Amino acid sequence: MIGIQPVDKIRAAEREFAEANPDVNLMLRAADQVAELAERMVPSGTILVVVGPGNNGGDGLFAARKLVRDGRRQVMVWPVAGTAHPQGVVAARQVGIRFLNDLEVGRLLPDIALVIDGITGIGGRTGLPENVHWFAEMCDVLKIPVLAIDIPSGLAAEDHHRPAHVLAATRTITFAAPKLCHLAQPAASACGDVEVADIGLELPKSNLRQMQRMDVARWWPWPTPYTDKYSRGVLGIDTGSDRYPGAAVLPVTGAVYSGAGMIRFTGPDRLADLILHKLPSVTVGSGRVEAWLVGCGWSEEGAEQRFGPILESGVPLVIDADALRYLPKRLPEGSLLTPHAGELAELLGISRPEVEDDPVGKAYEAAERWETTVLLKGATQYIANPFEKRVTLAIAGPSWTAQAGSGDVLAGICGTLLAAGLPAPKAAALAASVQAMAAARKPGPFPPDVVAQAIPEVLVHLAELADQPVLAGDLTPRSIAAQ
Ligand SMILES: NC(=O)C1=CN([C@@H]2O[C@H](COP(=O)(O)OP(=O)(O)OC[C@H]3O[C@@H](n4cnc5c(N)ncnc54)[C@H](OP(=O)(O)O)[C@@H]3O)[C@@H](O)[C@H]2O)[C@@H](O)CC1
Ligand SMILES: Nc1ncnc2c1ncn2[C@@H]1O[C@H](COP(=O)(O)OP(=O)(O)O)[C@@H](O)[C@H]1O
Ligand SMILES: [K+]
């Protein structure tokens with residue numbers, strides 16, 4: 001798990017560090033890391049460092065000095081605000097770096113091998129300075145690689161929005177910890193590959209975090225030799241309707257391919273035939289279950305009648321789609337709500353843009369109101385955990401997943417994991433991450449059920465990562481196997 005840090009925590013850590021280490025210049029440390037990455041990106045060619053008025057520009061100027069390599073590399077600086085970090089300017093001038101004006105930049109740009117963006121960092125407000133708009137567009141058109149220092153200029157560190165004008169980066173090097181803009185879409189799409197450089201700052205634990213592959217590997221409920229189908233978890237699924245028959249098949253597909261021990265389908269009989277045709281391991285009719293998945297494709301007719309008895313069962317529920325309209329005040333303990341932005345807006349009685357403006361805050365608000373875990377779906381998936389007062393971002397996948405039915409499959413994966421006994425926040429974070437990883441293995445317009453079929457391959461890799469014996473399969477002792 002990686003902690004995502006707000007700007008005030010970064011600044012506080014910087015102050016503490018400076019007090020404890022008066023002889024260490026953090027800007028030089030940051031600049032060295034920027035220069036080192038720039039060397040890796042373009043071992044030769046001219047580098048243009050674009051600097052703003054603050055310390056982000058200071059990083060850029062000291063990196064420029066380092067990159068000159070005793071005159072063996074041509075490095076130029078464009079101070080976009082007129083003024084720039086005074087000591088940085090002196091340092092750059094001392095090694096003979098040429099300072100350019102707008103006209104010169106326009107003329108020389110086609111021959112630049114790399115742009116280093118030191119316009120604004122964590123002090124940046126959303127939006128690029130106006131006199132740089134043309135430059136950002138030219139870099140894009142000319143496909144010039146851009147290395148952003150800390151934050152691509154135009155983005156604000158704690159904001160997931162991507163404004164119309166931003167100096168989009170090929171790579172971003174940030175310091176100490178990622179900020180929200182590096183990981184949350186659409187801002188993240190302007191950051192390119194993000195590298196987090198250690199400059200020695202000590203940061204407190206964050207209540208905003210992002211899942212890593214190793215977390216998925218470690219938390220996945222791997223079966224053991226003691227496992228049977230019941231102990232792996234029986235999932236009840238009541239989904240689909242005449243209007244949405246696919247919403248019966250898709251969640252079941254997600255559940256089967258993520259390894260549910262057993263599935264009991266209790267939706268309309270006609271739909272059971274459809275499911276069995278594709279997935280004959282599913283059983284039909286009620287019985288004991290460890291968790292329920294409800295709501296996908298219910299449509300309105302009869303929804304409440306379907307929901308009532310399931311709510312009374314007392315086991316944890318995955319509550320998706322139409323069932324979100326009929327939430328009781330108190331939900332069974334351990335339940336999980338899986339709304340997309342529109343459904344969350346309806347739940348909270350606000351507009352969709354209000355949710356899209358503050359996904360972290362709104363997901364958390366709903367989680368607190370219903371005292372339950374909320375998985376807010378979308379390009380970035382947020383899991384709000386009101387018990388430990390934190391929000392986790394799932395591992396992200398390709399945008400091809402934005403298609404009808406992906407949410408149904410995801411609900412099925414969540415169901416498998418709740419039935420396996422995982423607490424809802426873990427189940428949601430694992431399910432969303434694994435679906436994204438499966439989609440990354442099948443990048444393209446594959447239907448959501450085909451993406452679900454890639455989950456076993458993802459799990460094989462994760463089991464290797466976690467060194468899980470479950471992979472061995474053949475437990476024959478080596479000496480016998482060799483004969
Ligand atoms: N903290 C750390 O641990 C370390 C930090 N380090 C580095 O310091 C950076 C932070 O530096 P910083 O605080 O000086 O702010 P910075 O990002 O340069 O921007 C402020 C300037 O930009 C201006 N401005 C803002 N938005 C604008 C806009 N949209 N359009 C136009 N102008 C805009 C703003 O103007 P003002 O708000 O004053 O009007 C102000 O003049 C950090 O990202 C990292 O690179 C490392 O050296 C070492 C460790
Ligand atoms: N831009 C995107 N990039 C990646 N995944 C996305 C994107 N937009 C949506 N998704 C995924 O698509 C799913 C859509 O869910 P939902 O809207 O409930 O679909 P449905 O109800 O039709 O199944 C979510 O699980 C989310 O993971
Ligand atoms: K920057």
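Every residue number used here counts from 1 along the chain in the order it is shown.
Just so it is clear, glycine is given a Cβ too, placed from its N, Cα and C backbone atoms.
Some features that TrEMBL has for this protein:
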DOMAIN    10-207  domain 'YjeF N-terminal'
DOMAIN    211-462  domain 'YjeF C-terminal'
BINDING   Ala247, Gly297, His340, Asp408  (6S)-NADPHX binding site
BINDING   Gly407  AMP binding site
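Close to the recorded (6S)-NADPHX site, the chain also has Thr239, Tyr244, Leu250, Pro251, Gly295, Cys296, Asp320, Ala321, Ala404, Gly405, Gly407, Ala411: residues not among Ala247, Gly297, His340, Asp408 whose Cβ is within 8 Å of the site's Cβ mean position.
Each of the binding-site residues Gly297, Gly407 was scored by other CB atoms within 10 A of its CB, and the lowest score goes to Gly297. You'll find the Cα of Ala247 ((6S)-NADPHX binding site) roughly 10 Å from the Cα of Gly407 (AMP binding site). Averaged over the domain 'YjeF C-terminal' (211-462), the predicted model has a pLDDT of 97. Close to His340 ((6S)-NADPHX binding site) in the fold, though at least 6 residues off in sequence, lie Leu376, Lys377, Gly378, Gly407, each with a CB less than 8 Å from its CB. It is Ala247, among the binding-site residues Ala247, Asp408, whose Cβ has the fewest other Cβ atoms within 10 Å in the structure shown.
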